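What TrEMBL records for this protein:
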type   : residues : note
REGION : 25-46    : region 'Disordered'
REPEAT : 223-257  : repeat 'PPR'
REPEAT : 258-292  : repeat 'PPR'
REPEAT : 293-327  : repeat 'PPR'
REPEAT : 328-363  : repeat 'PPR'
REPEAT : 364-398  : repeat 'PPR'
REPEAT : 436-470  : repeat 'PPR'
Amino acid sequence: MPLRYLGRLRWCCDARRSLLPLPLRRSSTSSSSARPNQASSGTALTAEEEAAVERIKSSLFKARKGSVEDLVRSLGAECSEIRLTSGVADSLLRRFGDDWKSALGFFQWAQSRGDGYAHTPDTCGRMVDLLGKLRQIDRMWDLLSEMHCKGLVTVDAVAKSIRRLAAARRWKDAIVLFDRLEDMGLERNTGTMNVLLDALCKEKKVELAREVFVVLSPHIAPDAYTFNIFVHGWCSVRRIDEAMWTIEEMKKKGFPPTVITYTAVLEAYCKQRKFRRAYDLLDSMSSQGCHPNVITYTMIMTSLAKCERFEEALSVSDRMRSSGCEPDTLFYNSLINLLGKAGHLFEASQVFRLEMPRNGVPRNLVTYNTMISILCQYGRDDDALDLLKEMEAQSCKPDLHTYQPLLRLFLSRRGRGDAVDRLLSELVNKSGLGLDLDTYTLLIHGLCRVAETEWAYRLYDQMVGSEIVPRHKTCELLLSETQRQNMEAYVERIQNDIIAFGLSP
């Protein structure tokens, strides 16, 4: 019998549901991820697969107001002859966005077909993560149990589950799941311990993480990353003294602190606007032979920019270059954003167009998104749309953050509904993206401001039908607009939703 190290912990938090027993079964390794319009092997979807994706989406949309079981029945009635592939499944799960109900309906239908198709560990991991993200924790746990019975549980799936349980404040479940790893054929080792400690620290449960560590450390040896997790954790709860104490403990265990360790402390100082202490620590690091890297400088520069200390932030950029530290894509993304906010659009464009190519630093999705956002801030919609086309030519696939500033810009102008409609069509049909809570909120609020209440309500209806809970301010705004325009049926529905979702003040 494996020793239950964590059984000796005194629990201070309740689990809303007891964990199901997991039978013994060894898992396989996870596969790599694929782009939304690609099969899991990395090849593009065939015409037949694209047609299958669209037909399945259509069937789900028609039954979107029903339960998960209704969605499964709808797919069974309308899509039974479709040939499923891992590429179709992977593409659909990516396109659902935050619509967990459609994703789960498809997942369960595909699993029940009995035609030779079987979900891969990667597909199951995606479904587990989506359910956890949308706080469908009991469903997530049920699925994890099913995966285990079929030998599909991987370390990656368990890591995602632990993180989602911690994020849902079900810390006891996260710890017990770790304690049962060996029952699932997985190993409790330094790596999996670090996943648990990191999940707890990211949710600011650093003291609980420390308690877990005290119990586990006699049986599982920590590494440098373990101590870095605690340094980050203490810094995240503004307890820099404990972070510095952890650094001393780290040294005693034979792990010299690295630039990653010190950067966490520097970031904590920057968040508290203690920039003088940050500069002193920078000097101390250099004197110890631990030189700041591009990530360190980028973080300080970004922190100064957030405080609107733009010139000082640009001086950090100069200091980095003079130290011989080479800029990377992340640095340039931050610099472009800083220049844009500081009113230097021309200089931002020069960095994007000239300096990055000259230094051989590649642009990535965030680079394009940052530049598009800046152009939209300056009302340069034509230039922003040209950049969107350029992304296509460079095989850089847009995401929701690409489209959001463009949508916001056009929604701020009356009479540009056609542009909004074209962007939405491209977002869904061309880029294969699904709307999430933030995008629905942006659209509904923007449409209400330009008196497109009917359209705003249709999007609201679509969002709620996809089991995405609206924000209270969205319901209040739409309720006010529909009342003002005497849309009585809409008013009653929104009022009922506010009660059903528990959004009443």
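Cβ coordinates are placed from backbone N, Cα and C, and glycine is handled just like the others.
Just so it is clear, the model here is predicted, and its values are computed rather than measured.
Counting residues 6+ beyond its ends, the repeat 'PPR' (293-327) has Cβ neighbours under 8 Å at 259, 262-263, 266-267, 270-271, 273, 275, 278, 282, 334-335, 337-338, 341-342, 359, 361 in the same chain. Residue counts for the repeat 'PPR' (293-327) under DSSP, helix first, then strand, then coil, are 26 helix, 0 strand, 9 coil. When Cβ-Cβ distances below 8 Å are used as the criterion, the repeat 'PPR' (328-363) is approached by residues 294-295, 297-298, 301-302, 305, 308, 310-311, 313-314, 317, 320, 370-371, 373-375, 377-378, 394, 396 of the same chain, each at least six residues removed from its ends. For the repeat 'PPR' (436-470), the number of residues in each DSSP class (helix H, G, I; strand E, B; coil) is 26 helix, 0 strand, 9 coil.
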